[in-house]
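Presented below is the structure to which this report refers.
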Amino acid sequence: FSQESGYMASAGLQFDVLVVGGGISGLACAHKLFQCGYSVALVEARWKLGGRTSSIKISNGTSRGPPLRFNIGAAWIHCSNDNPLVPLIKKHNIPTKENSGQVGMLDHLYFPNAPELTSDERTAVEKIMQKLQIEFERIQLDLQERGKDRSVADVLEQIFRHEEALSDQFHGNGRISGTVRWLMSQLAQYEGSSLKNISALHSSLEFGRDEVVEERQGPDRIVLTYEELINSMASQLPANSFFLNDPVISIDYQNHPIVRTQSGRLLQARRVVVTAPLGVLKSNKIQFLPPLSARKQTAIQRIGYGIMNKIVLHFEDCFWDPDCHSFGIISEPVQFPYWLNQYRICGKPVLIGLYAGQFPLQIQEEGWSDERIRDTALTALANSFSIVLPGLVDWFITHWEKEEWILGSYSYSHFLSSTEDFDIVAEPVEGKIFFAGEHTNKEEHGYVHGAFS
């Protein structure tokens, strides 16, 4: 943006810049512009700031003391040595907890009513995964040379079809094949979608980081509540900078941009920065006048937008290893494959289960109640640990796909999209409308630091 002396007064405009969306991307943008001397307003559809960096409060199990607070969206700072969020977190004095020392992917992995993997089974799984990775990378190289892409599911099917020995190993033991499928589900978890949609060209079958890589990149850290960061950032902007609980429904940029909100408010500015989530852009909930180019609209529709939901369960007692980082549950079909131990974070017997991809869509299509989701998760835990579970103190379930002005969790590389699509979405329109957010960052999409930077 270039500041033009006297422009505001002569044109009678309300603001230099309007920011649409109050997640970390919108807040960071508004904060930077305000620091540079621009008049800025931020319009947020929901009743609070933060977007997908939200937290919830649940009972602490007693009548005394504050409730427990947990992130129900973003929760991590990845690769903390070079992550641009680290200086921001330190500046705002937000507490974090180091998440180093994570055990291998095959540790703390449970089967329903059955023992953990034997040493021989672990070795067999590792050999299958090594062979899959070699073949997967070979096909990736071929796709790259031909400028093509396919889904991860399609490539895996090809590998098993042509590698008979590998296929025999995979199908010869139900526990081994179940473990391999669980590992594959972690890729679906990571991207928030089905393997049938995820780009093979931009994926990897390598999971986790070894000690050498972690030492170089820095450990992951857990932000105890991202909402504290959001509130601290917001406090550094004038209170009258915010219009909350008032969704933007149209942006007319034929002359000076005019933003219309659902309440009928009209806001005019020299420039508009749109940081609304990709799901909002995909659903055309914001009307652009004139319409965005066909090229930009096509890019918006091609980029994948995944779903990652969480179930927070506070128990009366801790029935899992209180020192573990996480554990996995193997089931068919895959439903609640990955659980984060919060006891080591807050000292309370709390688990957070992550479920992504096809299962949230099934829940939505079949109209599952929250009670059914909860009971299914509890049954999976009881079967995996072969116990009668202790009582439940409190619980909470997210539904990011149902949040009207979010409609999902984060973007991913769909096999029908390309890295160029992220750049196209980020391109300004006529020097008046700008776009920001994790879905405009082709290198770090899907991450909080991708949205921030």
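Placed from the backbone N, Cα and C atoms, the Cβ positions cover glycine too.
The domain 'Amine oxidase' annotation in TrEMBL covers 24-452. According to TrEMBL, the feature FAD binding site maps to Ser25, Glu44, Ala45, Val248.
Positions of TrEMBL features highlighted on the structure.
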residue: Ser25; record: FAD binding site; Cβ contacts under 8 Å, 6 or more apart: Thr275, Ala436, Gly437, Glu438, Ala451, Phe452
residue: Glu44; record: FAD binding site; Cβ contacts under 8 Å, 6 or more apart: Gly21, Gly22, Gly26, Phe242, Phe243, Leu244, Asn245, Asp246
residue: Ala45; record: FAD binding site; Cβ contacts under 8 Å, 6 or more apart: Gly21, Asn245, Asp246, Pro247, Val248, Gln262, Ala276, Glu404, Trp405
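Per-residue pLDDT, averaged across the domain 'Amine oxidase' (24-452), gives 92. Same-chain residues with CB within 8 A of the center of the Ser25, Glu44, Ala45, Val248 CB atoms, the FAD site residues themselves not counted, are Val19, Val20, Gly21, Gly22, Gly23, Gly26, Leu42, Val43, Arg46, Gly51, Pro247, Thr275, Ala276, Trp405. Cβ neighbour count for Val248 (FAD binding site): 26 (other Cβ atoms within 10 Å of its Cβ, all protein chains included).
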